[in-house]
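Notes follow once the structure below has been shown.
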Amino acid sequence: MSANQDDANLLEVRGLTKTFGTLTACDHVDLSVANGEIHALLGENGAGKSTLVKMLFGTLEPNSGEIFWNGRAVTITNPGFAKKLGIGMVFQHFSLFEALTAAENIALSLDDGSPISTIAAKARALSYSYGLPLDPQSLVGDLSVGERQRIEIIRCLLQTPQLIILDEPTSVLTPQEADKLFETLERLRSEGKSILYISHRLEEVKRICDRATVLRHGKVVGHCNPRKETAASLARMMVGNDVEAVVRAPAQGIETAQPLLEIRALSRKPATPFSIPLRNINLTVRAGEVIGIAGVAGNGQGEFFESVSGEVPQQDAASVRIRGKDAGGLSITGRRLMGAAFVPEERLGHGAAPRMKLSENLLLSRHATDGKVFVGAGGMVKSDAIYAAAQRIIKAMDVRKSAPDPEAAALSGGNLQKFIVGRELDRRPSVMVVNQPTWGVDAGAAAHIRQTLIELARSGSAVLVISQDLDELFEISDAIAVMHNGELSKPLPIVEATFEKIGLLMGGAEPGHAEHALETS
Amino acid sequence: MDITVNILLTIATAATPLLIAAIGELVVERSGVLNLGVEGMMIMGAVGGFGAGYLTGSPWIGLLAAIALGAVFSLLFAVMTLSLATNQVATGLSLTLLGLGLSGMMGTSFVGQPGARLPNLDIPGLTAIPVIGRLLFGQDPIFYISIALTVAVMWFLFKTRTGLTLRSIGDSHTSAHALGIKVIRYRYLAVIFGGACAGLAGGHLSLVYTPQWVENMTAGRGWIALALVVFASWRPWRVLAGAYIFGAVWIGQLHAQAFGIPVPSQLLSSLPYLATIVVLVLISRNKRLTMMNTPASLGQPFVPDR
């Protein structure tokens with residue numbers, strides 16, 4: 001039993017530890033959440049935030065440590081018990097079932113056994129009262145990511161929890177949707193509920209959170225009041241040292257530069273019933289510039305990348321042109337031979353083969369473009385040359401690793417991403433297309449990758465970056481286009497772009513309408 | 001008229017084991033588990049059913065033994081794939097091979113022996129009604145079980161909360177686990193249900209269809225049942241339709257062969273497979289509906305991290 005019974009803390013965690021093999025994901029973590037507060041859990045990717053909340057929700061079992069709920073020691077063995085205590089959770093990677101309706105999804109997490117129609121009516125009423133309108137009969141597979149999150153939130157609220165855990169809730173929302181979410185959270189706080197808010201976005205933590213606990217490498221490195229901190233001081237706590245700011249010199253004479261990547265009236269039918277078609281996309285990326293493509297996840301960015309990279313070739317050869325020549329009908333290797341390079345979103349299993357060495361992964365993507373260097377007479381692989389090239393990339397990108405030539409899966413996400421980006425940069429490609437360059441990458445590595453992309457462009461290449469991270473796009477892009485429902489807006493020069501404008505386009509507003517909405521507001 | 005009734009009755013007899021085995025496998029696959037051992041569980045049911053019926057003289061005990069043996073045999077699969085997380089395809093295939101071999105060994109002394117046959121239903125007054133009497137009230141008991149089972153499974157999957165939970169596990173076991181649903185427990189029960197159904201289907205072969213024991217007597221029916229589930233896009237009434245189309249064309253081509261139609265018999269024998277696939281592919285043209293009904297986590301081993 002807790003010694004301080006009269007403590008107002010709803011949840012108190014002491015010395016919680018979780019190890020996976022040799023990795024200590026959470027190392028003696030202390031945390032307390034008071035009644036009626038929004039408490040931030042800050043940390044970089046891999047700092048142990050998700051592991052900690054999974055232990056609080058009963059999906060992971062701690063190795064040691066204690067959890068107190070309303071001053072009483074509890075052992076949370078499964079999510080059912082957590083729900084009974086009054087803990088609700090909104091997951092980062094949604095725990096929804098695509099083939100079921102919203103109402104069925106909600107019913108699955110409630111144990112009261114009432115009929116689906118009753119639950120649907122309750123969910124609809126609750127969703128409207130919180131201003132998060134929801135059609136309970138819609139199929140989850142058809143919904144946008146923002147709408148899916150609404151289901152998660154409504155499902156959580158229907159269980160009338162005392163503590164709501166939100167894991168990186170804004171990473172999939174437009175700025176406007178995020179504002180709406182903050183209003184909801186503030187309303188919940190005014191109703192006396194507590195919220196544990198997990199994020200690595202400093203501005204929003206400063207905006208809505210009352211207290212913050214900062215994690216780094218599984219350890220608590222500090223508790224603070226985020227309103228009294230600056231974004232820079234929070235970042236320093238989170239990362240451990242200062243992150244170098246990305247420098248972007250203004251691009252010179254872009255208007256007259258040669259177009260290196262041209263996309264002309266690119267359309268594509270949906271590959272599966274739940275995927276997005278591409279609708280008449282036009283875009284030109286010129287030598288020397290970085291074009292960013294923003295958009296909420298699942299609006300066709302993945303389909304667009306596949307079409308540009310040649311993973312899915314097009315019928316119309318002129319729909320993708322590289323360095324002035326038609327490339328639409330070519331495979332990914334054919335497009336690489338024309339001087340283009342591609343970095344897909346998924347690192348393991350797409351960008352790299354997990355169980356192969358870095359040098360082998362290098363050969364996999366460059367056997368055609370660097371055939372003379374890497375492959376000798378009779379198709380024999382020149383291991384020494386490949387090994388030397390891999391070491392060159394590792395050095396240039398500052399890839400931290402445990403062995404000279406480890407398997408790709410043995411590297412941390414950030415280091416592997418540095419290697420994969422470096423592998424393509426090493427060729428000095430004249431066209432570089434990157435999907436989510438720094439997803440799940442720590443701040444230091446992310447800054448490094450962004451800087452190298454800018455430098456590549458300034459040295460005369462065309463760089464196209466698809467990202468969900470608006471901060472990143474504003475840091476590196478010369479112009480930003482927005483993808484929504486398979487359509488691409490005209491690129492907005494960075495001097496004209498604002499979070500509001502881009503956010504409205506991400507939400508599906510017509511380009512002209514977005515301007516208008518801002519002028520009148 | 002009598003010939004038509006007889007043909008309809010033989011069609012039902014041919015379709016019943018396929019329907020039962022396929023409905024059982026449908027429940028298994030809806031939970032996200034792919035059990036390719038249907039043929040093996042079926043043949044175990046056939047040998048167990050025949051053996052128990054022959055030794056006790058009661059076909060009803062034989063029926064229970066068939067169900068029990070199918071269920072026990074599927075438990076082996078469940079322990080391997082669910083508790084030990086082995087590859088479901090490989091484990092299912094070896095279950096079939098094991099079943100075929102084991103049943104042959106168990107059945108050596110049964111070969112050539114006369115078996116017990118489950119009696120057809122006979123309700124005084126009703127069964128004697130011309131034409132419909134024998135169709136509705138004069139068939140073997142397993143026929144009625146197969147129809148009841150199909151309706152029950154349809155109701156269970158789409159009208160009950162437990163059925164919804166089962167389908168959700170098949171859609172995404174990680175999401176289900178995150179919600180606190182006991183994924184492994186549900187899957188165990190589903191696999192055992194599928195095994196019991198396959199055993200019952202096997203029992204139908206050796207207690208009704210041909211009341212004797214012949215090695216390998218399932219003759220690929222387990223595989224047809226598996227194919228039916230997929231081509232029926234995991235929907236019970238389509239499985240029913242598929243099983244009866246198969247049965248009808250099967251009986252039809254047998255009669256055609258008997259009449260001596262000048263078409264190679266191999267071609268005729270392949271007709272049931274072709275016809276069933278063509279019809280089921282035609283009715284599942286709606287890609288969206290098919291996607292909705294396909295268990296997305298089918299065949300993936302699930303190991304919860306704790």
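Note: Cβ is positioned from N, Cα and C throughout, glycine not excepted.
Among the features that TrEMBL reports, transmembrane segment is placed at B:6-28, B:33-54, B:60-82, B:89-111, B:141-158, B:188-210, B:216-234, B:241-261, B:267-283.
Taking Cβ pairs closer than 8 Å, the transmembrane segment (B:89-111) reaches residues 34-44, 46-48, 50-51, 54, 73, 76-77, 80-81, 213-216, 222, 299 in its own chain, all 6 or more past its ends. B:33-54 is the stretch from B:33-54, B:241-261, B:267-283 with the greatest number of Cβ pairs below 8 Å to the transmembrane segment (B:216-234).
Tertiary proximity for the transmembrane segment (B:6-28) is limited to same-chain residues at least six positions away from its ends with a CB under 8 Å from its CB atoms, namely 34-35, 38, 42, 134-135, 139-140, 142-143, 145-146, 149-150, 153, 157, 166, 190-191, 193-198, 200-202, 204-205, 208-209, 221-222, 224-226, 228-229, 232, 234, 236, 239-240, 242-244, 246-248, 250-251, 255. Tallying C-beta pairs under 8 angstroms between the transmembrane segment (B:60-82) and each of B:33-54, B:188-210, B:241-261, B:267-283 places B:188-210 first. Put simply, of B:33-54, B:141-158, B:241-261, B:267-283, the stretch with the most CB pairs closer than 8 A to the transmembrane segment (B:188-210) is B:33-54. Outside the transmembrane segment (B:241-261), and at least 6 residues removed from its termini, the chain residues within Cβ reach (under 8 Å) are 7, 10-16, 18-19, 22, 224, 228, 231-232, 268-269, 271-273, 275-276, 279-280, 283.
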